[in-house]
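The structure appears below as structure tokens.
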Amino acid sequence: MLNKYARAFFTRVLTPFAALLIRIGVSPDAVTLVGTGGVVAGALIFYPLGEFFWGTVVITLFVFSDLVDGNMARQLGRSSRWGAFLDSTLDRVADSAIFGGLALWYAGRGDSLMLCGMAIFCLASGQVVSYTKARGEAIGLPVDVNGLVERAERLVVTLVACGLSGLHAFGVPGIEILLPIALWIVGIGSAVTLGQRVVTVRRESAEADAIAQGGNSA
Ligand SMILES: CCCCCCCC/C=C\CCCCCCCC(=O)OC[C@H](COP(=O)(O)O[C@@H]1[C@H](O)[C@H](OP(=O)(O)O)[C@@H](O)[C@H](O)[C@H]1O)OC(=O)CCCCCCC/C=C\CCCCCCCC
Ligand SMILES: Nc1ccn([C@@H]2O[C@H](COP(=O)(O)O)[C@@H](O)[C@H]2O)c(=O)n1
Ligand SMILES: [Mg+2]
Ligand SMILES: [Mg+2]
């Protein structure tokens, strides 16, 4: 949903910044790499220490690079297969660091085996959700479904909850409950999304196989 409705807005807002980076000679690949490095550092340095506010500030500064790199490639007329591969692959790395950092917190001073497990479930289910699309497309299917919780929703729900939970350290009482709630929402939403995508791929592959068999018997 966010991918559909928010992308156009962010494209308008980020286009001048993308144009500036192009003018000073930065490449889309450099933005992809530096952006991912920043997200990974923010998540793995701050989250395991329970520094949710500052971790989220750092991650938010870098995560928008994922919208800037493609914007630059399109402005340059240089959108490439390599760029698409690099972008998607590093998305998986960034997502692993965010949920991995949360799992490390709950495995340590956060002291909750259940929420550690929930963070690992969010990490794994998010990766599998993305894999369904990549694998379905690789076998020639359109995978014409996005589902309830795509990557943008996973990130927004988790990062907003992390940032707000971090305000607990500044004396806001009770607000840290938002992070467990977000993990449950993302975990359950990702499981539903996985179901939606698997059902779609099953239908599309049955239709494609039927067409192929019709062609063979003719
Ligand atoms: C006082 C409190 C302080 C709080 C501190 C700061 C809080 C900040 C909180 C949140 C910021 C969240 C920002 C999240 C931005 C996410 C942007 C982003 O990277 O989106 C990526 C997404 C997908 O991009 P791709 O096409 O490159 O990726 C594809 C995707 O990964 C597919 O995965 P799948 O969906 O299948 O699982 C893969 O299949 C594919 O391979 C891959 O290529 O881009 C978009 O979707 C575009 C839309 C972005 C919408 C961003 C909306 C941000 C909205 C609100 C932020 C407002 C925050 C306000 C917080 C206030 C809190 C107090
Ligand atoms: N280094 C890069 C990054 C991305 N691309 C192209 O942009 C598409 C992704 O667009 P986003 O708005 O989601 O970033 C990707 O599929 C590539 O076509 C690129 O060429 N080089
Ligand atoms: Mg990108
Ligand atoms: Mg991306």
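Cβ atoms are placed via backbone N, Cα and C, with glycine included.
Nobody curates TrEMBL annotations by hand; they come from automatic prediction.
Going by TrEMBL, these are the annotated features:
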type	residues	note
BINDING	Asp29, Ala30, Val31, Thr32, Gly70, Arg74, Ser80	CDP-1,2-diacyl-sn-glycerol binding site
BINDING	Asp66, Asp87, Asp91	Mg(2+) 2 binding site
BINDING	Asp66, Asp69, Asp87	Mg(2+) 1 binding site
TRANSMEM	52-68	transmembrane segment
TRANSMEM	152-171	transmembrane segment
TRANSMEM	177-195	transmembrane segment
Sort out the residues at least 6 away from either end of the transmembrane segment (52-68), same chain, that have Cβ-Cβ distances under 8 Å to it, and list them.
7, 10-11, 14, 17-18, 21, 31-32, 34-39, 41-43, 45-46, 87, 91, 94, 98, 101, 155, 159, 162-163, 165-170, 179
Running a distance check here. Ligand 4 versus the binding-site residues Asp29, Ala30, Val31, Thr32, Arg74: which have CB less than 6 Å from one of its atoms?
none
So which binding-site residues out of Asp29, Ala30, Asp69, Ser80, Asp87 are up against ligand 2, CB under 6 A?
Asp29, Asp69, Ser80, Asp87
Winner by Cβ contact number (other Cβ atoms within 10 Å) across the binding-site residues Thr32, Ser80:
Thr32
Neighbour count first, Cβ atoms within 10 Å, every protein chain included; then name which of Asp29, Asp66, Asp69, Asp87 tops the list of binding-site residues.
Asp69
Count the other Cβ atoms sitting within 10 Å of the Cβ of Val31 (CDP-1,2-diacyl-sn-glycerol binding site), across every protein chain shown.
24
Cα of Asp69 (Mg(2+) 1 binding site) to Cα of Ala30 (CDP-1,2-diacyl-sn-glycerol binding site): how many Å, rounded?
8
Where the C-beta lies under 6 angstroms from ligand 3, the matching binding-site residues among Asp29, Val31, Ser80, Asp87, Asp91:
Asp87
